[in-house]
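A.B. asks: Structure in structure tokens, see below.
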Amino acid sequence: MRRRRKKGADEKLLSYTKYVLRDDIDKLKGKWNLKFRNDNPIHVEFGTGKGKFITTLAKQNPDINYIAMELKEEVLLKAVEKADASNLNNILFLWGDVSNILDYFEAKELSRIYINFCDPWPKNRWSKRRLTHSGFLEMYNRVLEDDGEIHFKTDNEKLFEFSLNEIAANNWLLKNISLDLGNSEYENNVTTEYEDKFMSQGMRIFRCEAKKRN
């Protein structure tokens, strides 16, 4: 089924010139500190959705720079509107595809990657599209600094099992694994819109962190 586009979303999104980047993103490769005008650590969320998670983090941590990447313009617009309403100065939004990150980021340019409730691509023939597939993990390994981390959350148990296996097989250090985040002792959880909905329905949320090995 073809996704229905919201009329005027493209134009409105691009009107937020303070926040939104779509064209010539590759020219910022290795120069994101200049774009942010500081040398603070850079954290990126792939598939930011409506933006509750990343904008909350940006409010809580003004000494960290955040980049939110999203391909769907309608939901990205909602995320940008949240940032604009709060007048955030430590966040940028990339209107682009995760598969192009090596064009966007220099080696060791990022400190942390967030992946929240990504498409599970359930059929085996689609496994390479999963954002925790080894092909993506290799790219993350390149753009993350030494000791950089991936923080991953999903409601899909099969995707979580797949992800743990892929992460371990690619020589990352797994830590802080939770099989039921809502009933765990983890105190610093910032939720997404999806997560709030799932938790209200009593669904389990799976979470882990993966640390890059030197």
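Glycine is no exception: its Cβ is also placed from the backbone N, Cα and C atoms.
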A.B. asks: Per Swiss-Prot, what member of D63, D84, D97, D155 joins K123, T192, E193, Y194, E195 in binding substrate at one site?
C.D. replies: D155
A.B. asks: Among E70, D119, D155, E195, the recorded positions in question, whose Cβ has the most other Cβ atoms within 10 Å in this structure?
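C.D. replies: In terms of Cβ crowding, the pick is E70.
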A.B. asks: Provide, as an integer number of angstrom, the distance between the C-alpha atoms of D119 (active site) and D155 (substrate binding site).
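C.D. replies: Cα of D119 (active site) to Cα of D155 (substrate binding site) measures 10 Å after rounding.
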A.B. asks: Which residue, of the binding-site residues D97, E193, has its CB surrounded by the fewest other CB atoms within 10 A?
C.D. replies: D97
A.B. asks: Looking only at C-alpha atoms, tell me how far Y194 (substrate binding site) is from E70 (S-adenosyl-L-methionine binding site), rounded to the nearest Å.
C.D. replies: 15
A.B. asks: For Y194 (substrate binding site), what is the tally of other C-beta atoms lying within 10 angstroms of its C-beta?
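C.D. replies: The Cβ of Y194 (substrate binding site) has 18 Cβ neighbours within 10 Å.
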